[in-house]
Amino acid sequence: MKPSAECCSPKFWLVLAVLAVSGSKARSQKSPPSIGIAVILVGTSDEVAIKDAHEKDDFHHLSVVPRVELVAMNETDPKSIITRICDLMSDRKIQGVVFADDTDQEAIAQILDFISAQTLTPILGIHGGSSMIMADKDESSMFFQFGPSIEQQASVMLNIMEEYDWYIFSIVTTYFPGYQDFVNKIRSTIENSFVGWELEEVLLLDMSLDDGDSKIQNQLKKLQSPIILLYCTKEEATYIFEVANSVGLTGYGYTWIVPSLVAGDTDTVPSEFPTGLISVSYDEWDYGLPARVRDGIAIITTAASDMLSEHSFIPEPKSSCYNTHEKRIYQSNMLNRYLINVTFEGRNLSFSEDGYQMHPKLVIILLNKERKWERVGKWKDKSLQMKYYVWPRMCPETEEQEDDHLSIVTLEEAPFVIVESVDPLSGTCMRNTVPCQKRIISENKTDEEPGYIKKCCKGFCIDILKKISKSVKFTYDLYLVTNGKHGKKINGTWNGMIGEVVMKRAYMAVGSLTINEERSEVVDFSVPFIETGISVMVSRSNGTVSPSAFLEPFSADVWVMMFVMLLIVSAVAVFVFEYFSPVGYNRCLADGREPGGPSFTIGKAIWLLWGLVFNNSVPVQNPKGTTSKIMVSVWAFFAVIFLASYTANLAAFMIQEEYVDQVSGLSDKKFQRPNDFSPPFRFGTVPNGSTERNIRNNYAEMHAYMGKFNQRGVDDALLSLKTGKLDAFIYDAAVLNYMAGRDEGCKLVTIGSGKVFASTGYGIAIQKDSGWKRQVDLAILQLFGDGEMEELEALWLTGICHNEKNEVMSSQLDIDNMAGVFYMLGAAMALSLITFICEHLFYWQFRHCFMGVCSGKPGMVFSISRGIYSCIHGVAIEERQSVMNSPTATMNNTHSNILRLLRTAKNMANLSGVNGSPQSALDFIRRESSVYDISEHRRSFTHSDCKSYNNPPCEENLFSDYISEVERTFGNLQLKDSNVYQDHYHHHHRPHSIGSTSSIDGLYDCDNPPFTTQPRSISKKPLDIGLPSSKHSQLSDLYGKFSFKSDRYSGHDDLIRSDVSDISTHTVTYGNIEGNAAKRRKQQYKDSLKKRPASAKSRREFDEIELAYRRRPPRSPDHKRYFRDKEGLRDFYLDQFRTKENSPHWEHVDLTDIYKERSDDFKRDSVSGGGPCTNRSHLKHGTGEKHGVVGGVPAPWEKNLTNVDWEDRSGGNFCRSCPSKLHNYSSTVAGQNSGRQACIRCEACKKAGNLYDISEDNSLQELDQPAAPVAVTSNASSTKYPQSPTNSKAQKKNRNKLRRQHSYDTFVDLQKEEAALAPRSVSLKDKGRFMDGSPYAHMFEMPAGESSFANKSSVPTAGHHHNNPGSGYMLSKSLYPDRVTQNPFIPTFGDDQCLLHGSKSYFFRQPTVAGASKTRPDFRALVTNKPVVVTLHGAVPGRFQKDICIGNQSNPCVPNNKNPRAFNGSSNGHVYEKLSSIESDV
């Protein structure tokens, strides 16, 4: 047959190829890639077990199938191992090796590392020497070991020591490779740990030297720590332990911890290894050799499978050990990356870069007394689990065990023992806690599981245990009891802490263990370290605030003492000091005091002190005495302390509530008969304790009832109390007090504030007949003696609620607390009494020396006063010895003058009984006056009741003692400055207001320059020009040497000045005062008077203008008076009326009409030379015409003169103010100084300082009835403007009136229209007090022999003005005395000396001889008893009878009195207003 053509066709070969490929794919699916792995076992390994392990079908899910070659070897030398592995590579084409041996030779691991680095074959050492620690592996090696690294084993060692609180240790190593890593790992761990490690020694032993054991012994003797870490080989460890045993480092109290390298094969234990040796080893029990072989095969297979999956190839098998291709190196490095990260069956089998397992299975083994390794712990997932909660300290049987390490049991019960968990960060207990083990009781528990949990204990009893252990010097292991609580005997067996001690599982029991008789039978108790007993806790009830809570801050003694000091002592002391003080309310040592005025009573003193204590803003009257002020000041300081202390404690007592306990004690009816209450009273306790035992033994019925309400623990009982399930909880007092203090919200309290029943104490239970009891007792007593026990109690047993209670409850301030302030009040009273005595001594004895009397110089008081004044006002004080010693300086001294002024004002204010009259002087004075008392700053004068009375005749020589004193003192002084008194009063005592009715006539030439205290630079003229001749020379000689002002204030009479002294309180005067009317335009002057302020300054202005008008000398056509620098003076006063910025706008009135109708008369007077002061030579005799008078109108004073009077006056020059004829005044002198001609006065008027007589005002008064005509003759040549009385009366109607006050009385009487009822008068018993020796007794009496002016006057008067209250104001008599000796402002040398010495004036009364005044050659001849005839005209009722109103003002031309004026020192007529300002200037 012939072959077919189809067989050779191309289609045929294609089918064959497809079939071939399909066949190859089928074969590939049936047989996956495989990897050859050799398992080499050295020694007596169980091959059957290994075979079963790798034959199991555990790798079917992998893409690579392991092809295992099982090889057994007996030789362990390096040559045999290398030859056998190389043969397997060439014959079996293996790609990995799993090596296991049963030796302790670490050299096998080094050989395997070398083979792997040369052949690039992965080798796994899983057991024996191949798995031992190896340091410094080759970088290209693929050798991996089933075992922990050096660092891992060092960490486990530290965890073991931390578990049992072994913080003090030492390290011993040899030069075996890896020792540096071991030491460095331990150092770095303890440095970065929170545990307080103490590494004492690090010993490096050199085992290569053959110098015997001496060197190693010397090194080991340095070790003192109880824990020693050893790193070396097993052979080296055998030698080291032998030497350590010789030096006593392997006995009881020393613990050695070694790594797995030392332990080696656990089946063989060298005899040198000490009992109790601890080793960290690979887990041989739970991770045996078959499991390791299987995991080794799985690691290589899984890595190859992962490589195949990612790269589609696996490493090619190696055919020889002697050649290595680059391709093989690449594949081996790639496989190494997969070998490091392997996970098999959910287990992490990864390796580190050094070839060690990342998560090895380690165990802690202990060499027990049977010389076998016992597994006591496990290290898994970086956590340590130990079998023993108290480390069993083992020692050789030949040695006796020392009892210095004790096992102590405790019970959790705050605050005595508080159990906490370990710190989650460090896994250890904090520094203030102690590790304590808690057993785990579980039915399903296996032997491998640990039987305890590590906890941390702290508390009051734990701190006591720590202190006792340091004192007695023992160590301990602490664990928590699990069998019961404190301890109770059940069926003859004790449980709890007492049971642990009885069974000798613990040496001691520490905690809240109550000492009782039953327990003391089986154990010994130490002395009690805290007192306790049985207490009852209840829920807090609602409290109430006591009604007397506001009194609680102070005790009753303090309240009583305060009121006693207030009402009896302090108030009485202030009143007494004030009453007897020289300047107090109730003393009248100063004559200016108003009798019957305000007084300081005992009631006011109590009211004042009461207001100071309680800060009451009620009106009180303050004392004035220095002593009483000191007392009140100290009382105010006491009030501050008292009130501050009261306020500080008041809030605490006001919020403090009183709580009522529900039960009073264990014998309370609620406990003994709980069912009698509705609902029944519920109470219970924690069973199996001393509290239950006590109740059972003493209260059987109570114990039976409370069984159903017993609680499992204290926390459960507290919760039941808060929720209302329980009414009372009976338990240990110390525990309940702590719980009450720490309760949230402080809702739970113990009855009776911690009342204790059946008192006992807590103690430490010790084994019976133990040697520790005495040492423990002494240690506890030492804690009490050192005060440490009190510190522990304050730290642990004091709760928050106790602190809050202490903060709220404030103890009462008893008398001891407030004693200091009462002592202060007593000292203040003593000081006040001393001050009171010193005040009177100074006032009555030493005051005069401080005034300069003793030294003759200005006193200290004067110097200080003037020094302060000089500092404030800048006034220089001249205290030259020559000046101050002169009599003139003494009388010109401002200080002396002011003192006299004050003395005079006081005497004026206290007049009572005028010349024996039953009426008081105060009846004539108005209380509402603006004039104030100098010393008291009060209004001291009252208005008159306008009743007339008969003035009793005065004695002729009433003031003879003053006259005698003046004569005796100044009789031999020469004449000096006769006008100085007049000039002094011109400058300093000016009227303040317009008090009388007058009109403005003639030309106004008033010179009132601006006020200044500086002396004027005006050229002086002799003051003795125009003085009278020998008739008054003796009088001038008597007074000329003393003046109130020095020569610097003297000047021309034609330029009358208006000075004020340094103590003046006058106001600025307004007005245009130029004297020449020809140079003044009418409209300009009228405009200057428009809308001037209607204030006190206006009244002052009118007084100045009128006074200047009255002072203006007579004028003649050829004698005119001119001012210096008139334009400047006029501009100055025009500026006074211009509105100024920042000044108040006064109410203005238009006064232009006052001068409107008089302007023409002024011009005529100016042309004719006439005026108010017309020369007497121009008067005619024997005619009815009057020439040279004002406006041709006869003045009222002219009507009082007869023809004979006019004839007498026409022949010569007369006094300006009185009828005295000036015989020694020549016409030559008058011609030289015409300005002084019309204002010349007699010596009597000069001495009195009178500017005018009061009767001069009669020329300005309007008469309601026409006066009788008086024929007056005058020269026809001088008659210019004759006018009849009718024309004069008509002209007066057009005049505007101004009221001017000329005296103190008239000023006060200005406000009489609004006066109220008459004030109280001075009692009659004070009538004679001011009469004898008073310089003002003359004010309300007339000279002897005169009954009234109306009967003796030769001039017709308007009779209806007499004693008519409604007739208008009348010019009253000046307050100044009528005689020169009565003038208090004219001091005498004797007066001055008496004032300096602080004594009364030594005036003496002499009997007056009838007619002596007519014959005596001295100035007494001037005193006359003739009546002074005055006619008063006015629209205002007079203050006194007209017969006692002596005139103080006269017409400047002709006097209205025929008789010469008596030397009247009181006729000045000036008023001192607001004397308080004068006093303040002093």
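Glycine is no exception: its Cβ is also placed from the backbone N, Cα and C atoms.
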- Message: Do the topological domain labels in Swiss-Prot for Tyr452 and Ala652 match, putting them on the same side of the membrane?
- Response: yes
- According to Swiss-Prot, phosphoserine sits on which of Ser920, Ser1226, Ser1354, Ser1450? Ser920
- Residue in Asp463, Asp732, Asp743 which Swiss-Prot records at the L-glutamate site where Thr514, Arg519, Ser690, Thr691 also bind: Asp732
- Where else in the chain does the transmembrane segment (558-576) make close Cβ contacts, counting only residues six or more beyond its ends and a cut-off under 8 Å? 551, 600-602, 605-606, 608-610, 613, 623, 628, 631-632, 635, 642, 813-815, 817-818, 822, 825, 829, 832
- Message: Which sequence-distant residues neighbour the topological domain 'Cytoplasmic' (624-630)? Criterion: at least 6 residues beyond either end, Cβ under 8 Å.
- Response: 574-575, 577-578, 581-585, 600, 828, 831-833, 835-836, 839
- Message: Mean pLDDT for the topological domain 'Cytoplasmic' (577-603), rounded to an integer?
- Response: 64
- Item | the topological domain 'Cytoplasmic' (624-630): DSSP-derived helix, strand, coil residue counts | 5 helix, 0 strand, 2 coil
